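Here is what Swiss-Prot records for this protein:
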CARBOHYD  Asn12  N-linked glycosylation site
CARBOHYD  Asn13  N-linked glycosylation site
TRANSMEM  48-68  transmembrane segment
TRANSMEM  77-97  transmembrane segment
CARBOHYD  Asn119  N-linked glycosylation site
CARBOHYD  Asn144  N-linked glycosylation site
CARBOHYD  Asn157  N-linked glycosylation site
REGION    183-239  region 'Disordered'
COMPBIAS  190-206  compositional bias 'Low complexity'
COMPBIAS  218-234  compositional bias 'Low complexity'
CARBOHYD  Asn231  N-linked glycosylation site
DOMAIN    249-299  domain 'DHHC'
TRANSMEM  294-314  transmembrane segment
TRANSMEM  330-350  transmembrane segment
CARBOHYD  Asn360  N-linked glycosylation site
Amino acid sequence: MKLNSNINNNINNSSNSNNNFDAKNIIVDTITPPDPSVEFERKLAKSIFCLVHFIVYCVIIFRKGTILDQAFKDKDYFYLIWTHCVFFFAIGTYFLISSKRPGFVSLSNQNLNNNNNNNGSSNKFILEDSMGCIPQLNINPTPNYSKISNIKRKLKNSSGDITKNQENEDLVPLMEISKNIDEDSINDDTITTTTTTTTTTSTSTIPEISNDDDDNNNENNNDNVNNRNNNNSNGEKEDNDIDKLKNHYFCKKCLVDIPLRTKHCVKCNRCVLKYDHHCVFIGGCVGLNNHKNFLLFLLAESLLLLLGLRIIVTGFVRENSIKEWIFSNIAIIPPTLLIFGGLCMPFALFCFHSFLILTNQSSWEFNKYQRITYLKPFSKRGINPFNKGPWNNLKKFLKGDENPSDWILLSKYEVDQMKKKEENTFNIWNNKYYSCCG
C-alpha cells in the first residue's frame, strides 16, 4: 500500500504551516443539547434529590415535639420564614447547578485556526504508528478517507503490543509532524515516519511525558546519541520535561484543540474546561462555568442539613428502656442518620473545594497531580504552576473572569524563582528542615 503523491504533498505542506493555538479563541458551547443519557442522568438525579428532601421535610414537620412543630403551634412566623428560606435556598442552588453547563468546548473549535473563507481549510486526523505515538496530521485540502483508514488499520496491526492509555485515550499532546515522509519506506507491511511525539506509556488521565523523548528526537543523530550523558541529574531531567510541555492539546474524540486544564468526560462525551469532576448528584460535570455555583450549593446544603439535624433531634422521645426508645423513635431514626451522614459529605466537600479555590486547582488536578502530563514535571518540585496566591485566586474565582488564555505553564526560570521564594519563606508545617506532611 502506497500513499499517492498528492497526499504526501498535503502532509508536507501542512507540516510547514503555522499552527499556533490561541486559547482566547476557544468557544464555549451553550447551545448544543446534551447527550440523551446525560439528560436522563440529570433528570433522575433531580427526581431523587427532590424526593428525599420532601420526605425528610414531611417527617420534620409532622413529627410531634420538634421545635418546628412547636413553631407552627405558637405561630412563630419569624422562625418559620427563615427556616423555610434556608430550605428553598438549598433547593434553588441545586436546580441552578444541575441546569448550568460546566463549560463544554464547542465543536466549532475544530476550525478555529483555519481560514473558513478560503477553500484550503484543514482537517485533523490522528494516526497511531507502530510505537504507539500519536502525531497530529493536518491534511489540506481534502484527505483520501479510504487510504487514511487503511493507514490507521495498518499502523494498529503493525505492532503486536501497542501500549495505550488505560484511563483516557482521548487527549494527546499537540505535536508537529516532520517535514518529509519517505514514500519508498511505505509498503504493505509497515509504515515509518519521522515524528516528534509523546508515547502513551502509562495509565494516566492524559499521556505522560516520557524520559525517552530525547532518544526519539535524536535517533537519527548518532553523534548526539553517542555523546549522551547517562548520569544526568534529576533536576536536569525535570528541566527538560518542563521545556517539552505544550500549552495546548488535541482531543481525538471531539477532534478539537483544547487548552490546558481541559479533560474529555467519558460520560458527557464532551471536553470540559477546567474539569473538576463528574458529579452523580447533579447529573453532570463541574467545570469552569459552574464551579462557583457548585460551591454555593455545597454551602447551602450544609446549612440546610445542619438546621434539619438541629430540628429533628428535638423530636426524640425519652423512654425508660432502649427497646421502648427504639420503638417510640423508629420513624425518625432513619431520617436522622440520613441527615447526619448527608451533612458530613457536603461540608467536607465545601472545605475541600475552598482549599482548591485558594490554591487554584481542580479535583482532577489535585488527585492526578503526578500523572497529568502538564503537571507531572512540577510535582517533584512541589509547585502548582497556576497558583497566583490565595487572595488573587479567590478574587479571580469570585469575579468569574478566569480565561483559558491565562492557563500558561511556567518557564524553568519562573519555577526556580518560585522555588527559591518558597525556600526563603519559613513555613511551620513544611520547610527545608522538616515536613509534617511527609
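Each residue, glycine too, has its Cβ placed from N, Cα and C.
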In the same chain, who gets a Cβ under 8 Å from the transmembrane segment (48-68) while lying at least 6 residues past its ends?
79-80, 83, 87, 90-91, 94, 281, 308, 310-312, 314-315, 317, 331-332, 335, 338-339
Per DSSP, how many helix, strand and coil residues does the domain 'DHHC' (249-299) have?
9 helix, 21 strand, 21 coil
In terms of Cβ proximity under 8 Å, which residues at least six beyond the ends of the transmembrane segment (77-97) contact it?
46, 49-50, 53, 57, 67-68, 71, 282, 286, 290, 293-294, 296-297, 300-301, 303-304, 307, 311
Enumerate same-chain residues with a sequence separation of six or more from Asn360 (N-linked glycosylation site) and a Cβ-Cβ distance below 8 A; give 'none' if the list is empty.
Asn384, Phe386, Asn387, Lys388, Asn393, Lys396, Phe397
Note the mean pLDDT of the domain 'DHHC' (249-299), expressed as a whole number.
89
